[in-house]
Amino acid sequence: MTAGYEPCWLRYERKDQYSRLRFEEIVAKRTSPIFQAVVEELQKGLRSMMEIEPQVVQEVNETANSIWLGTLEDEEFERPLEGTLVHPEGYVIRSDVDDGPFRIYIIGKTDAGVLYGVFHFLRLLQMGENIAQLSIIEQPKNRLRMINHWDNMDGSIERGYAGRSIFFVDDQFVKQNQRIKDYARLLASVGINAISINNVNVHKTETKLITDHFLPDVAEVADIFRTYGIKTFLSINYASPIEIGGLPTADPLDPEVRRWWKETAKRIYQYIPDFGGFVVKADSEFRPGPFTYGRDHAEGANMLAEALAPFGGLVIWRCFVYNCQQDWRDRTTDRAKAAYDHFKPLDGQFRENVILQIKNGPMDFQVREPVSPLFGAMPKTNQMMEVQITQEYTGQQKHLCFLIPQWKEVLDFDTYAKGKGSEVKKVIDGSLFDYRYSGIAGVSNIGSDPNWTGHTLAQANLYGFGRLAWNPDLSAEEIANEWVVQTFGDDSQVVETISWMLLSSWRIYENYTSPLGVGWMVNPGHHYGPNVDGYEYSHWGTYHYADRDGIGVDRTVATGTGYTAQYFPENAAMYESLDTCPDELLLFFHHVPYTHRLHSGETVIQHIYNTHFEGVEQAKQLRKRWEQLKGKIDEKRYHDVLERLTIQVEHAKEWRDVINTYFYRKSGIDDQYGRKIYR
């Protein structure tokens, strides 16, 4: 940790199995900034893992063991690889040991492809794989693989649990260029190609990021990310024409407003020629937007898209739009329905450089909620998915909660938008409806902490997000194994133990928190710790409706809010009926008596008791398994993780006792096993 922070999974520890393999040359004829970064990374990895310093050459030595780096623009690679690579970021890795010297070829369709290919090769070395017979063709499934930062310019991070911003402090840029470079390396190593650096809730100072005052600083950050194949985006304030433009309105149909945004876009691209575009949170949670002027979201987004289009820029328009002034007495209004109701009628009305960014579920990154019905419901409108890597509702990086299994369930969910086989992953990779732009974004979990993510094991969520964004068909087991070996080494006990901990942790967290998909039950505002009625009588639309007889939200067509009708018929029917609704989502879709029997055979109330007692024991098991690794993990990381796991056990007990006591007092029904409940 020589730089004051960890290298995470790019540790490049020595690998004795390669001690006899001596690469003498790196053949690299290209000199672009990306290529220079590629060569530097390869040299760093070979130096650390194999203790060799191959020369970088442009002219080939026919007798030398070598690694060849190139693109399809290079004459010698164009013909043999013709038609192999379709995606501009794709690459080939091949070994050649047939005639004489040992060669590795890492060939990309573009420089970015070579970058990803080199990181893949270094991953193989870190994993201790046999590199003698490589024949790999890789192409990303998703075009846009993005990280969203919720960093504020005062240095704080909204929903951040890993220190302060690495970009901003005291309303200025930090100028931590080496750390930003190392962050870019981490992101590029898992295939991330886009980043927005400021919070979607754009405050007064951040509104000025699109002005001459801050654009030189934005350009400096963009230069660093560009070197690693990452485009820079900014979150913008929809009211900017008023707040910094001196106009009396931000009406998207006003000619002066449109002119102002066109001039602003032109200015940005003078500083950053490959600027990615804007991320927009509008008409949501008190943020300004087109509704103020009687316009819809298509009119609002298209105005920005028109300004960016001449430069190839994108508008990423968030669909997190709902009534945050709901009357809790009103049982007909349903926050879960809002995104679909707002956006579905606008299908086909958005410009082609607009992408709708849709949260994985209809509510707000809960430990369990159904997949948003908006996925697949707009065949004429670009869509991408938003997940939350930062653990706002899943333990805030004090608790271990590996989110890859959750995201896998979402990606593999069949929408039935074009019949069976219409999974969410096919919607967001653009293949189902031939979207021009699509992809996936994750809200970052990093900050200035030495381990980047607060909880060392939370690094696995950032790593896993990138790997899933590149290839949604990777399994959670594969991703966990890759991360553990690269981060902690290949000792079999270490790999087996930490992989088990990761893969078990989401269900464990779910067990001791809110039951059966009902969500929330957290302290208002900061969202940490149990408070069953914390939001029950608020204006946020996040209710569980527990009374003396039962619990849950009736979202059926027959007797409830009608939310189930937003799904395609196969899923609508599944969720509408108690007979087919999955247990884990029962209380999201139905209000049932505490004595209702789940498909598991347990009653709802007994399930609540059982899972909360079991969850605490499972949290203890996480800590116990980690303690068995003492001496196999360096002291710093061992104690850091142990401290977090101890916190998790204590907080799991609090969750257990609050939830079980609350529902005992509501229902008056005893735990059939007579365990301790505070009456």
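Placed from the backbone N, Cα and C atoms, the Cβ positions cover glycine too.
What Swiss-Prot records for Glu158, Arg159, Lys281, Arg318, Arg335, Lys359, Glu386, Glu510, Trp540 is substrate binding site. As annotated by Swiss-Prot, beta-D-glucuronate binding site applies to Asn201, with the evidence given as similarity to another entry. For Glu285, the entry in Swiss-Prot reads active site, proton donor, with the evidence type experimental evidence. Among the features that Swiss-Prot reports, active site, proton acceptor is placed at Asp364, Glu392, with the record citing experimental evidence.
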Practice problem: Return the single residue from the binding-site residues list (Lys281, Arg335) that has the minimum number of other CB atoms within 10 Å. | Solution: Arg335
Quiz item: Could you tell me the C-alpha distance between Trp540 (substrate binding site) and Asn201 (beta-D-glucuronate binding site) in angstrom, no decimals?
Solution: 17
Quiz item: Taking the Cβ of Glu386 (substrate binding site) as reference, which residues of that chain separated by at least 6 in sequence fall under 8 Å from it?
Solution: Asn148, Arg318, Phe320, Gln357, Ile358, Lys359, Asn360, Ile440, Ala441, Gly442, Val443
Practice problem: For Lys281 (substrate binding site) and the residue listed as 'beta-D-glucuronate binding site', determine the Cα separation and express it in whole Å. | Solution: 7
Quiz prompt | Using Cα positions only, nearest of the recorded positions to Glu392 (active site, proton acceptor) (Glu158, Glu285, Arg335) | solution = Glu158
Self-check item: Sparsest-packed of the listed recorded positions (Glu158, Glu285) - C-beta count within 10 angstroms
Solution: Glu285
Exercise. Quick one: give me the count of other CB atoms within 10 A of the CB of the residue listed as 'beta-D-glucuronate binding site'.
Key: 16
Exercise. Within 10 Å of each Cβ, count the other Cβ atoms, then let me know which of the active-site residues Asp364, Glu392 comes out lowest.
Key: Asp364
Quiz item: To the nearest whole angstrom, what is the C-alpha distance linking Glu158 (substrate binding site) and Glu285 (active site, proton donor)?
Solution: 14
Self-check item: Cβ neighbours of Trp540 (substrate binding site) where a neighbour is any other Cβ within 10 Å
Solution: 18
